[in-house]
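Listed in Swiss-Prot for this protein:
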type	residues	note
DISULFID	CYS28-CYS58	disulfide bond
DISULFID	CYS40-CYS71	disulfide bond
DISULFID	CYS46-CYS72	disulfide bond
SIGNAL	1-18	signal peptide
Amino acid sequence: MFVLLIILSIILAQVTDAHSELHVRRVCGTAIIKNIMRLCPGVPACENGEVPSPTEYCSMGYSDSQVKYLCCPTSQ
C-alpha cells in the first residue's frame, strides 16, 4: 500500500509541475517550440494555425494541457 501511495504522489507531482508558474517560466522564450514539440510528439504541432506567440504564451501562463488543446491535433 505504501509503494502505491509513493507512486501516486510522484505522478501527481509531475502533473502539478506541468501547471506551475515555475514550469511556465522555464519554457518561456525560445524553449516554447521545444516544449510544444515534446507535448505533440510525431505530429505536426499547431497545424491549425493557432500556435501561441511567445509573448502570449508567457504572459498568459499557458499550462501544458492548454498548449496540448491549442496545438496537438490528436489530443482534441
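In case you wondered, yes, glycine gets a Cβ from its N, Cα and C as well.
Among the disulfide-bonded residues CYS28, CYS40, CYS58, the ones whose Cα sits within 10 Å of the Cα of CYS72 (disulfide bond) are CYS40.
Residue pair CYS40 (disulfide bond) / CYS28 (disulfide bond) shows a Cα separation of 17 Å.
Between CYS71 (disulfide bond) and CYS58 (disulfide bond), the C-alpha separation comes to 16 Å. The highest number of surrounding Cβ atoms within 10 Å, among the disulfide-bonded residues CYS28, CYS40, CYS58, CYS71, CYS72, is found at CYS71.
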